[in-house]
Every structure is written in structure tokens, then in C-alpha cells.
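Annotated in TrEMBL:
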- 1-23: signal peptide (SIGNAL)
- C137, H139, H197, H400: Mn(2+) 2 binding site (BINDING)
- E173: Mn(2+) 1 binding site (BINDING)
- 217-315: domain 'Peptidase M20 dimerisation' (DOMAIN)
Amino acid sequence: MGFWEIFTSILILNLFWSKPISSNSLRSAELSEIPTSFLNYAKQPELVKWMVDVRRRIHENPELGFEEFETSKLIRNELDKMDITYKHPIAVTGVVGMIGTGKPPFVAIRADMDALPMQESVEWEHKSKVPGKMHACGHDAHVAMLLGAAKILQDHRHELKGTVILVFQPAEEGGGGAKKMVEDGILDNIDAIFGLHVFADLSIGSVASRPGPLLAGSGFFEAVISGKGGHAAIPQHTIDPIVAASSVIVSLQHLVSREADPLDSQVVTVGKFQGGGAFNVIPDSVTIGGTFRAFSTESFIQLKKRIEEVIKAQAAVQRCNATVDFHPENKIFFPVTTNNKVLLKHFENVAGDMLGTTNVKDMQPLMGTEDFSFYSEVIPGCFSFIGMKNETLGEIPSVHSPFFTLNEDVLPYGAALHASLATRYILEFESKSHPSDQKVCDEL
């Protein structure tokens, strides 16, 4: 008898007493054992070695948003080996797999696939082989963990009284891959979706999240402020756009410090200032650009409105004209990532059973952005962070750093958490599903 068969037999005997899995037949104590059983399985050396290998292969060959062709191929090859049905392409390079009955309840678990446009500065055996590209945000680990969860779930597909959807998503890093996946219909019939992200500030074996707003909504802006150029020695014959742009930047900071509720966190940051190329020449125009973020749709809309008003008005005070573009380089707005309270409680229960309640942390909202928000705008969603800090290994540089490293010990935790969240959701929410109101997904 192979390892998969041994594990299946043990799990069925210990958890389900050879009875069909259903929310009615499983006692609370039996439900609580599922996460620990999955974690014990995920920590088996054979599976850990496989997940590490998958993660390293992806790390060596990073691909940017909507260019994840080889990553997508790797995922599909692994799903083929597991005999898991999937649909591809979705959103150019995305892959969506299905495990279970093809009937409700439907629950999705998601991983992002794309890398960042930066040169890796970490010298190790599996350093990026692609100049100027690096997995510096842990998406390689996210894919490996979701594939690990797929292995666990596929081995128990006959016991699943519902359907788990595996979402391998492209272009999280600013490309809005989740938005494209939603537009392509991947959420049709799905009741809930879960996502997670590695977190260097949390200890290994711990997780964190919060109900309601977790990550900010964000947008970008770019403004061209036009005046009249000329010699720096005779400024009276010019209309100086640099002075106007400087006034604009200072005034934009007042939007948060003097117009926003101090208890409603908002950010306006100007990170781009381009104008002129000589020490003694006043340019004809200046381009500035930046980002703005907020934790509510209302605040976000108001901030956007005021940014445009302030830029144009302050430019006019200095006799300049200004145009404002909120979609430079085809950038898009990202909604607030908001956790459904019922799903957040489900996450806390499952993670608590797996890791112990003291290792399930409540966290403060972060001003970072996640395009998981496009999913949670449409259906109930829950996003969380999974720790990978190990004091003995030293400090891990933050994400989006060329020195970012990943503690691969996190992989079995992520795989088991994904599988447990989905399995327990199906078991606990089965009675709340209404099959007659939904389609049956016999194929993707």
C-alpha cells in the first residue's frame, strides 16, 4: 500500500469512522482534527521535498504579469500528474482547477504566479536565471503551497461533498490579474474564496488577519504641469512649472493632514518629479506622479476628486495649466481588500485547530494593496497572512527587496491551511448551499 493510501485509510478511520463525510455525521471534535491531520501529512518529507522543488523551479525562472507561460505550463503538468481537471488559458496565463463532485458548495483557494521586475541580489544555488526579474514577493511559494493543497485534496476527492476550485492567477503585481479572472467568469457559482500571503514579520507556525478592511484601495495619478520655459537668469519672462509643481506637492499633503478624518487612514505620496535637464533653463513643463490609498470606497473617491482639484487649482495660481491622468501606463484602481466576517471566523477556527489559538493573530490594517480585492468585491472572501520568521535563520528582508529570501519551512503550513479551509468550508457550509439554485460544474 502506497503512502497516499495509508494516509487516506488512517484519516478515514480516525476522523470519519468509515462513514460518508457530511456536516451532519461529523462531530465538532472530528472536524477539529482535520487541520492537524492535513498538517501532519503536509510535513511528510516526500511532499515537503516536492513542494520545495516546485518553488525553486519557479524561482529560477521568474515571469512578469501576463507572461507566466512557463509557470503556467509547470502548474498544468503537475495537475496532469495528479489527474486534476483544469481550464486554461484564463486571463492569458491563468489556470483554474477543480476537485470534488462538481456540485455545490463551491469554494475557491487562490495563488498568484507573477514575479517582479528587479535584479535578484541574493547569491544562492537557485538564484533567478532571468536578468532583471525576481520572485521577491513569495508568489513562487504561493504556487507551491496551492499545488501542495491540491495533492491533499485530490487524495480525498471521493470524500468531498462539494467542489474546490484551484485558482492560479497571473499579474497580481499591478496588472490586475484578478480583475481579468473575474471578467472571464471564474467566480460563477462560487460561494466563497480564500487567499493567503507569506509574511516575514510573523513567526513560522502562526497566521494573522482581521475582519473588515485589511488592505487599502489604491490608485495612481500623473499630472503634466505646463508653463513657459526660458533662461533661468530672466524668470520674469517665463512661467515656471517647477515652482507650480512644488506648490502642488505641498498642497497635496494637506489633503490627508487637514481634510481627512484622522481615524480614517489615507495616504497621498508623490514619488515622481521630472522636469528640465539643465541648471540654467526653466523647462516648459514638469511631470509629477504618485499614488493614493484609503480604506473605504467613499474616502478613495473623495481623495481622487480632491487630488485633481488641487493640482489644477494650484497650477493655475502659478499661471500654469495642468492635466491629470489617473490611469498612467494603463494602471488601474484596486479596491479595498475586505474580509467577510463569517469567513474570517471560519479561518480563525480552522487555523486555531491547526496551529493553536495563540498562534492566530489579529492584525492592524496595512496600506499595502492586493488584487484579491477584486474577488472579495464579487463574493465573500477572506485573505490572511502566514508567518515564516525563524529567529535562528536571521532577519528576512521585506518583500519587494532584491535581498528578499523565503523560509521554505512555511510551505507545508500553507498547503495544509489551504486544504483545511476548503475542506472544512464544504463540510460546515454544505447545509447552507442550495443546489437547485446553482449549476452543476461537470467540467470547467
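Using the three backbone atoms N, Cα and C, a Cβ is placed for every residue, glycine included.
Unlike curated entries, TrEMBL annotations are predicted automatically.
Counting other Cβ atoms within 10 Å of each Cβ, the binding-site residues H139, H197, H400 show the lowest value at H400. The helix, strand and coil residue counts that DSSP assigns across the domain 'Peptidase M20 dimerisation' (217-315) are 41 helix, 35 strand, 23 coil. Sequence-distant contacts (6 or more apart, same chain, Cβ under 8 Å) of E173 (Mn(2+) 1 binding site) comprise L64, G65, D112, D114, A115, L116, C137. Summarising the environment of C137 (Mn(2+) 2 binding site), the number of other Cβ atoms within 10 Å of its Cβ, over all protein chains shown, is 22. Excluding C137, H139, H197, H400, which define the Mn(2+) 2 site, the same chain contributes D112, L116, H135, A136, G138, H142, E172, E173, V198, V399 within 8 Å (Cβ to the Cβ centroid), listed in sequence order.
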